[in-house]
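Peer 1: Below, the features straight out of TrEMBL:
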type: ACT_SITE; residues: Asp36; note: active site, proton acceptor
type: ACT_SITE; residues: Asp177; note: active site, proton donor
type: BINDING; residues: Ser9, His68, Gly144, Phe145, Gly146, Asn147, Asp177, Gly178, Gly179, Gly199, Ser200; note: substrate binding site
type: BINDING; residues: His34, Asp36, His68, Asp177; note: divalent metal cation binding site
Amino acid sequence: MKKFLLAPSILSADFACLGKDTKKVIDSGGDWIHFDVMDNHYVPNLTMGPMILKSLRNFRITAFIDVHLMTKPVDNLIPQFAQAGANLITFHPESTDHIDRTLNLIKENGCKAGLAFNPATSLNFLDYVIDKLDLILLMSVNPGFGNQSFLPSTLNKLREARKRIDSNELDIFLQVDGGVKLENISEIAFSGANVFVIGSGIFDYPDYQRIIEKIREELKYSDFKFIH
Ligand code: DX5
Ligand code: ZN
């Protein structure tokens, strides 16, 4: 039972040897793989589709893969990512006309479901769907690129999201994505996050195992709920 989960974002991995780099980060202590999907429409960048996820599964990557859809629309991609081997699929409320239907679609396809909030997106989108969620993702940068600076306004938003989860006695992962590093992770954990997406904060270091150990050491004293 782990208190905090680390989800290395392979957006910062070496795409010329993605399978090997992904395996290396898991063998070095990463818990989940965070898989960023960008479409040059919802966000101004273009990354990976379901075929690449399938290739990682064929390369015997068995870790939990958390797919972050930054695309518009999303519904047609959900069955494709589920079949390719995704475990959890997260989308942004602005990217679908029917949030509830999209959440059902993810569940029908056998995956856990997450809802992602851009820095200026209100948490009010949680009002009628929170009980259907396995994960809430708070973006701590504007989505589209790795290696941006963490927006401090995310800390209050994390506290608010944590309150909503705990006051409803729900078992929902609270994930934070963007600018998370060794230097700020304990403050972020104190604010209520328990799943940390980290791209450049791991992949920019030559020794993944060493930086992951340091991050875990930093998290040791941040007191939040245990993940079951
Ligand atoms: C940004 C992506 C992030 C990105 C984070 O749009 O959703 O997952 O990889 O990268 P870092 O940790 O470098 O900010
Ligand atoms: Zn992401």
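Glycine too: its Cβ is placed from the backbone N, Cα and C atoms.
Note that the structure is predicted; figures quoted are calculated from it, not measured.
I'd like these features described in context: how deep, what's nearby, how far apart.
Peer 2: A 10 Å cutoff on Cβ-Cβ distances gives Asp36 (active site, proton acceptor) a total of 24 other Cβ atoms nearby, all chains included. According to its DSSP assignment, Asp36 (active site, proton acceptor) is in a strand.
Just so you know, the Cβ of Asp177 (active site, proton donor) picks up 27 other Cβ atoms within 10 Å once every protein chain is counted.
In the three-state DSSP classification, Ser200 (substrate binding site) falls within a helix. Listed in sequence order, the residues of the same chain lying 6 or more apart from Ser200 (substrate binding site) and placing their CB within less than 8 Å of its CB are Ser12, Gly146, Asn147, Lys181.
In the three-state DSSP scheme, Asp177 (active site, proton donor) is classed as strand.
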Peer 1: Do me a favour and check the Cα-Cα span between His34 (divalent metal cation binding site) and Asp177 (active site, proton donor); whole Å is fine.
Peer 2: 10
Peer 1: Where the criterion is a Cβ under 6 Å from an atom of ligand 2, which of the binding-site residues Gly144, Gly146, Gly179, Ser200 meet it?
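Peer 2: What lies within reach of ligand 2, judged by Cβ under 6 Å, is none of the binding-site residues.
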Peer 1: Record lists Ser9, His68, Gly144, Phe145, Gly146, Asn147, Asp177, Gly178, Gly179, Gly199, Ser200 as binding substrate; longest Cα-Cα distance in Å?
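Peer 2: Farthest Cα pair among residues binding substrate: 17 Å.
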Peer 1: Neighbourhood of the divalent metal cation site (His34, Asp36, His68, Asp177): other residues with Cβ within 8 Å of the Cβ centroid, in order?
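Peer 2: Close Cβ neighbours, site residues excluded: Ala7, Ser9, Leu11, Phe35, Asp66, Thr90, Leu137, Val197, Gly199.
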Peer 1: Of all the binding-site residues given, Gly144, Gly146, Gly179, which has the fewest Cβ neighbours within 10 Å once its own Cβ is left out?
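Peer 2: Among the binding-site residues Gly144, Gly146, Gly179, the sparsest Cβ neighbourhood within 10 Å belongs to Gly144.
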